[in-house]
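**Student:** Please read through the structure below; I'll follow up with questions.
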Amino acid sequence: MRPQELPRLAFPLLLLLLLPPPPCPAHSATRFDPTWESLDARQLPAWFDQAKFGIFIHWGVFSVPSFGSEWFWWYWQKEKIPKYVEFMKDNYPPSFKYEDFGPLFTAKFFNANQWADIFQASGAKYIVLTSKHHKGFTLWGSEYSWNWNAIDEGPKRDIVKELEVAIRNRTDLRFGLYYSLFEWFHPLFLEDESSSFHKRQFPVSKTLPELYELVNNYQPEVLWSDGDGGAPDQYWNSTGFLAWLYNESPVRETVVTNDRWGAGSIYKHGGFYTCSDRYNPGHLLPHKWENCMTIDKLSWGYRREAGISDYLTIEELVKQLVETVSCGGNLLMNIGPTLDGTISVVFEERLRQMGSWLKVNGEAIYETHTWQSQNDTVTPDVWYTSKPKEKLVYAIFLKWPTSGQLFLGQPKAILGATEVKLLGHGQPLNWISLERNGIMVELPQLTIHQMPCKWGWALALTNVI
């Protein structure tokens with residue numbers, strides 16, 4: 001600064017000194033105590049219910065043997081299930097340990113941008129990656145998992161960071177992480193377990209530091225906890241961590257959590273309820289829930305021995321999505337990449353098929369609410385969603401009637417006001433009221449090539465009761 005400039009700048013500088021300091025980053029007006037009563041009162045961020053559909057990704061060292069299940073280590077070493085024991089005997093030397101799979105987990109062809117593009121094409125609105133499964137191997141360079149993480153072993157890459165950047169730069173999806181609280185064979189956990197969890201060495205030195213590290217470094221907007229190892233939430237200090245997550249963390253305003261925070265917490269505490277794997281009750285629940293399920297009927301991780309009949313068809317997947325959303329849930333659909341980091345053709349096909357279906361019918365899925373009836377009482381495989389502000393009810397039907405007439409027992413038409421359209425077709429359809437309740441809709445006569453989509457269709461009904 002030159003001396004002659006001082007007089008000219010003195011007044012503005014004085015004003016700056018007199019101005020109040022800039023406000024700190026906004027915190028939620030509500031502060032949460034480290035108690036379930038307080039934490040359970042937190043309102044779930046609206047984006048999660050609006051999203052409806054997410055992708056689960058089970059990937060890790062278990063993708064190297066890629067046999068039987070992602071629980072390979074447990075079934076082989078702990079339960080000693082014969083087919084796993086025989087698999088190891090037939091394919092690896094007697095001295096081979098599970099840890100020896102680590103260097104073989106190369107992720108040689110992993111391309112986060114390609115993954116992100118596939119997920120975007122699927123129509124999903126969020127993803128959840130297994131940052132650490134029950135084996136303890138972390139897909140980031142955890143400071144608390146020395147020599148058993150993706151930086152020190154195998155890929156020599158920060159998988160979590162690469163996917164986080166790709167998702168946030170290339171898509172409109174929310175980024176989420178799965179994290180297993182316990183580890184099957186970690187000596188500190190086993191020692192704590194032997195003390196009936198009176199000792200807390202493992203959560204203090206491993207679990208909690210890693211959770212803070214994950215949230216601060218990668219800012220996941222879904223934190224999907226799992227694997228309590230039979231220990232109560234007090235052992236994990238779950239309420240203390242969640243109070244920090246909701247009050248102080250960089251994702252405090254938008255993060256959603258599930259209900260797996262200690263023995264007895266499932267379907268009782270947390271943000272949204274998962275209840276159990278593949279949970280699909282078929283009826284309305286009083287709390288937001290998620291159906292986490294997997295395309296491979298037998299495993300969450302990739303299996304080399306899987307046959308085509310082991311995978312759910314696109315028709316079955318669309319049905320799961322429709323049933324789940326009609327009953328107020330979200331669908332979290334799982335894939336298992338290969339050890340090389342590729343998404344196999346069958347998984348990619350299912351994802352892209354779901355995306356093409358949602359391009360036509362997403363209006364009946366995203367940002368919808370449950371209706372007074374979840375499914376129809378006259379015609380099977382008809383499920384309802386709604387948008388009350390727009391006075392819209394959607395009837396999603398999974399079988400096209402051969403008669404060309406769709407009978408709906410639940411909606412009551414309003415003469416002169418009700419309008420019915422087929423999504424992807426656009427023209428108003430003819431309908432008549434039935435004698436007691438419901439309506440009969442005349443579907444358009446279309447060839448297979450004129451159909452707006454395959455695997456399920458949606459009617460938009462305006463002004464029905």
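Using N, Cα and C of the backbone, Cβ positions are placed for all residues, glycine too.
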**Student:** Looking at N169, N247, which is the one Swiss-Prot tags with N-linked glycosylation site?
**Tutor:** N169
**Student:** Which of the recorded positions N169, C292, N375 has its Cα closest in space to the Cα of S299 (phosphoserine)?
**Tutor:** C292
**Student:** Once near-sequence residues are set aside, which residues in the chain of N237 (N-linked glycosylation site), 6 or more away, have Cβ atoms under 8 Å from its Cβ?
**Tutor:** R200, P203, L208
**Student:** Cα-Cα, whole number of Å: N375 (N-linked glycosylation site) versus C292 (site 'May be important for catalysis')?
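**Tutor:** C292 (site 'May be important for catalysis') has its Cα 21 Å from the Cα of N375 (N-linked glycosylation site).
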**Student:** Please report how many Å separate the Cα atom of C292 (site 'May be important for catalysis') from that of N169 (N-linked glycosylation site), as a whole number.
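**Tutor:** About 26 Å separates the two Cα atoms.
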**Student:** Say we define neighbours as other CB atoms within 10 Å of the CB. Which of the recorded positions N169, S299, N375 has the fewest?
**Tutor:** N169
